[in-house]
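K.L.:
The annotation transmembrane segment is assigned in TrEMBL to 12-41, 61-83, 89-114, 134-154, 188-214, 240-261, 267-290.
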Amino acid sequence: PPQQSNVTSYGVLTVAVITLEAFPGMWINAFLVCVLCIAWVKKKTPNSNEKILLLLGCSRFWYLCFSWVYCSLSITYPSYLFVQPTFQLIVFFQAFFNCSNLWFSACLCVFYCIKIANFRNSFFIYVKVKTDRIVPWLLLASLLSALAVGIVAYDIAVTELSINRNSTGQGNFSNVSGKMDEIFFQIYFIYGFGFVTSFTAVISSALLLLFSLWRHKCKMQKNSMNSLSMDAHIKAMKSILSFFIMYSINFIFLILSLIPSTKEEKYVALLSLVFLYAFPGVHSLILIFSNPKLEKTLIRFLSCVKCKDCMR
């Protein structure tokens, strides 16, 4: 029979914090997906930006969902988690959606850079013209790479769980839970390459947009003119720079979560989890407020909910 839960006060605090962050994040990304799906049904042809946002919202929603299930069960009822095939499936989906989240985020930054930046390079002009045809292939490549990472993570989980079950014996879930950290270190190491690549894409996009903005500003100052393109540059830069800052902090905390010595410091580990779970929801909220249509829909939705509460 399953063992009874033996949760410490630190475990209760961790589950509470993760829950308070994961569920609002899931709601924000679910809202993003629902609005884009409704718009897709109405006009039948979503643009490239909406395609990226749709897949990004889906990947973040399910990443938060599976991550919350893993953390909650590993702390409260590990006997329900470290069994076949539950553990392998959770590891697979968590790795798949996390990797796809990183790649879709990079695709979004690159898309902003290509659409807004203004360079006379022939290759850049060609890519800018062909953006709508290139984006679906980039998204497909992102899905395939995330799927490959998920399969490798699943294979590692199958191998390690069978070894740990044979070595620790049945019922010793504390030993199994401790050794699972080694599995996740291997998994994080595998898609670390994808994370670094996507992080490089974000940095390159931000620098190119910054350079384009600086050139455009110099031209406008010489001609003593204002331009709508200037506002577009500034708005895109705010979005990408905010994502760049959050992405950098997220990378730091991800590295901290992999270092064994920091795992012994409970509050450092808790701080890492706090930011790692806050990132998908907070950045999606920034994307909503940076899009006028999504922002109006959210405000209208919240006002309707508030009116219903007042009538009650």
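Using the three backbone atoms N, Cα and C, a Cβ is placed for every residue, glycine included.
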K.L.:
Of the listed stretches (12-41, 61-83, 89-114), which one yields the highest count of Cβ-Cβ distances below 8 Å with the transmembrane segment (267-290)?
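P.N.:
Highest pair count goes to 12-41.
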K.L.:
Pairs of Cβ atoms less than 8 Å apart decide it: which stretch in 12-41, 61-83, 134-154 has the most with the transmembrane segment (89-114)?
P.N.:
134-154
